[in-house]
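Record features, source Swiss-Prot:
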BINDING   Gly39, Pro40, Asn41, Gly42, Ala43, Gly44, Lys45, Ser46  ATP binding site
DOMAIN    7-243  domain 'ABC transporter'
Amino acid sequence: MSTTAAIQASNISVTFGHRTILDKIDIEIFSGQVTALLGPNGAGKSTLLKILSGEISSTGKMAYFGVPQALWQPNELAKHLAILPQQSTLSFPFIAQEVVELGALPLNLSHQQVSEVALHYMQQTDISDRANNLYPALSGGEKQRLHLARVLTQLHHSGDKKILMLDEPTSALDLAHQHNTLRIARSLAHQEQCAVVVVLHDLNLAAQYADRMVMLHNGKLVCDAPPWEALNAERIEQVYGYSSLVAAHPTMDFPMVYPI
């Protein structure tokens with residue numbers, strides 16, 4: 001597994017009014033890993049993801065693949081970094097495949113190539129049967145899978161420098177598609193050396209698919225470790241205020257969290 005730092009962020013702080021959202025966060029995101037951002041509501045997970053993606057600014061320093069954030073041209077960075085937000089608003093009556101093809105805008109591809117790449121990722125995300133449906137007619141879960149196909153399309157020609165950020169990508173999905181989405185993310189990390197950052201609420205999903213867990217609490221980074229080190233009853237009580245039992249999965253090598 002690569003130890004290349006795809007993102008380096010130091011002394012990241014964000015304040016809204018009198019409220020501190022993030023407080024002096026230092027974090028590196030590595031190629032070849034799935035990093036899960038965890039914590040209760042309001043902990044700062046989505047804000048940190050937006051800072052790491054460059055969507056919002058903060059104090060501190062940021063670099064992608066060793067190059068300071070300020071030196072990246074937006075069009076060039078878009079070839080290497082894609083983000084799936086919690087909600088993607090689109091009111092125009094595009095057909096589904098056209099939405100996915102929007103991900104190819106930063107790429108220098110022919111119309112035929114764009115169509116082929118879009119359909120490839122629609123098949124991966126199990127949404128190809130809706131290719132000719134109008135976007136507004138899709139269900140919430142179908143839209144979420146469609147936008148996942150769009151951001152995967154965006155990274156199609158990113159080579160060995162790619163970052164995928166997913167903000168609660170399983171929130172509208174059924175059980176099978178939750179696991180399919182995270183299997184895709186893990187495959188990108190382990191097979192294509194993508195740096196994957198995913199915001200999740202389900203600790204058991206995070207334990208199964210993440211290489212590394214970063215926990216936030218009241219805007220502070222309180223844990224950065226592999227699942228077996230990160231998950232214990234004391235820490236879950238500290239971060240979530242909830243009593244739990246942590247035990248090994250009966251057949252697979254990851255910890256499970258059981259409420260008590």
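From the backbone N, Cα and C atoms, a Cβ is placed for every residue, glycine too.
Following the DSSP three-state reduction, the secondary structure of Ser46 (ATP binding site) is helix. When the binding-site residues Asn41, Ser46 are compared by the number of other CB atoms within 10 angstroms of each CB, Asn41 has the fewest. Other than Gly39, Pro40, Asn41, Gly42, Ala43, Gly44, Lys45, Ser46, the residues of this chain whose Cβ falls within 8 Å of the Cβ centroid of the ATP site are, in sequence order, Leu216. When pLDDT values are averaged over the domain 'ABC transporter' (7-243), the model yields 95. When the neighbouring Cβ atoms lying within 10 Å are counted for each of the binding-site residues (Gly42, Gly44), the highest count belongs to Gly44. Looking only at other Cβ atoms within 10 Å, the busiest spot among the binding-site residues Gly39, Pro40 turns out to be Gly39.
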